[in-house]
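Database features (TrEMBL):
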- C195, C197, C200, C205: Zn(2+) 1 binding site (BINDING)
- C195, C206, C233, C237: Zn(2+) 2 binding site (BINDING)
- R265, G266, W267, N334, H335, Y376, K403: S-adenosyl-L-methionine binding site (BINDING)
- C337, C402, C404, C409: Zn(2+) 4 binding site (BINDING)
- 51-109: domain 'Chromo' (DOMAIN)
- 193-251: domain 'Pre-SET' (DOMAIN)
- 254-377: domain 'SET' (DOMAIN)
- 398-414: domain 'Post-SET' (DOMAIN)
Amino acid sequence: MARRAAVAAEPDPKAWCVPCLVSLDTLQELCRKEKLTCKSIGITKRNLNNYEVEYLCDYKVVKDMEYYLVKWKGWPDSTNTWEPLQNLKCPLLLQQFSNDKHNYLSQVKKGKAITPKNNNKTLKPAIAEYIVKKAKQRIALQRWQDELNRRKNHKGMIFVENTVDLEGPPSDFYYINEYKPAPGISLVNEATFGCSCTDCFFQKCCPAEAGVLLAYNKNQQIKIPPGTPIYECNSRCQCGPDCPNRIVQKGTQYSLCIFRTSNGRGWGVKTLVKIKRMSFVMEYVGEVITSEEAERRGQFYDNKGITYLFDLDYESDEFTVDAARYGNVSHFVNHSCDPNLQVFNVFIDNLDTRLPRIALFSTRTINAGEELTFDYQMKGSADISSDSIDHSPAKKRVRTVCKCGAVTCRGYLN
């Protein structure tokens, strides 16, 4: 079974947001300053001089009247103005301002509320600074969420949430839906035959041709043990998209949330809906590189305490998937020594056994709100036998401490 000891999603780059997402405000501000219209970024003649509250920056009380410092959407900070509370028609932003203020005070005093001086007539600069950073983070994360959903090609929605710190979207991560071959590597190896079944569940189909069992039962749950490959129907098959042997290729069906963990593991992924046991959840995708290149990158990643390498060693050890820069939601899935996801090798159109697709299936029922995890060492779980998996030790360099918190935690990721 393909694996590397530390396919880490825990540490992540310390950066604010994806460059292509942060330039919109700058362009809008430039257009307004120069009195130019540009439909592609939403600046038209009708809204060129419009003022919309983007977020609230500060608070003060003057002669018993409450004022908020307003950042206007599409306008530079130099145009921020103090507005009386009675003029603001933005209850959600007012509530967010209040929540951010309370969160900051709670963090400073570890839950003990404090009252600023001057009878709450002005905010301390540190509080105002935190509120502005939180507002900017919220906007950046929303844009990133929108970008992820524009790029993904599966049914399930992707949400982003950070209620823990001021970390924004990773700066050097690009969402992809399928493997991205490195220069010199070809993934073009289309299947030469396909089934002609009228009902793939009962007839001799692609798995039988490959000498393995059909992977799924009638409820679209996996029924084969880990270590057994999955052969799904391909583009040459006569069966349609509703074929019971087309599960992985349909993509993620569940709404998932990329969220900031509260125990120092960086980003994680949780499901927003209940997932039945033995169900397909997501694929692990990234840049396909040679194993030699993986060794070079692995040393660099280990020195930084991170790695996203996944060896494709189903029958050989020629290629590795690197999800550090290019990947999907699985890039953010954390390790656990007691995981709820299990890895399987999948073959669909490309039947090259050196290049299996990597699919993650649930090992048990996963409730809404529960974090998704898999074992970077592929040790399996109590729900699924892992006797067929290769447990030979991975090449060790720098050992990474495990923070999964499981009762059965082994202490290290590698």
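Even glycines carry a Cβ here, placed using N, Cα and C.
Keep in mind that TrEMBL annotations are predicted by a computer and have not been checked by a curator.
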Could you state the CA-to-CA distance between N334 (S-adenosyl-L-methionine binding site) and C409 (Zn(2+) 4 binding site) to the nearest Å?
13
Have a look at the binding-site residues C195, R265, H335, C402, K403 and say which one has the shortest Cα distance to C237 (Zn(2+) 2 binding site).
C195
Write down the Cα-Cα distance for C206 (Zn(2+) 2 binding site) and W267 (S-adenosyl-L-methionine binding site), rounded and given in Å.
38
For Zn(2+) 1, residues beyond C195, C197, C200, C205 with C-beta within 8 angstroms of the site's Cβ centre include exactly S196, D199, Q203, K204, C206, C233, C237, C239, C243, N245
Here's one to test understanding: among the binding-site residues C195, C197, C200, R265, C337, whose C-alpha is closest in space to the C-alpha of C206 (Zn(2+) 2 binding site)?
C195
In terms of Cα spacing, which of the binding-site residues C205, R265, Y376 are within 10 angstroms of C337 (Zn(2+) 4 binding site)?
Y376
Where the distance is taken from Cα to Cα, which of the binding-site residues C195, C197, C409 turns out closest to R265 (S-adenosyl-L-methionine binding site)?
C409
The domain 'Chromo' (51-109) - residue tally per DSSP class, helix then strand then coil:
24 helix, 22 strand, 13 coil
The DSSP breakdown of the domain 'SET' (254-377) into helix, strand and coil residues is 18 helix, 50 strand, 56 coil
Return the count of C-beta atoms lying within 10 angstroms of the C-beta of C206 (Zn(2+) 2 binding site), excluding that atom itself.
27
Cβ-Cβ neighbours of W267 (S-adenosyl-L-methionine binding site) (radius 10 Å):
23
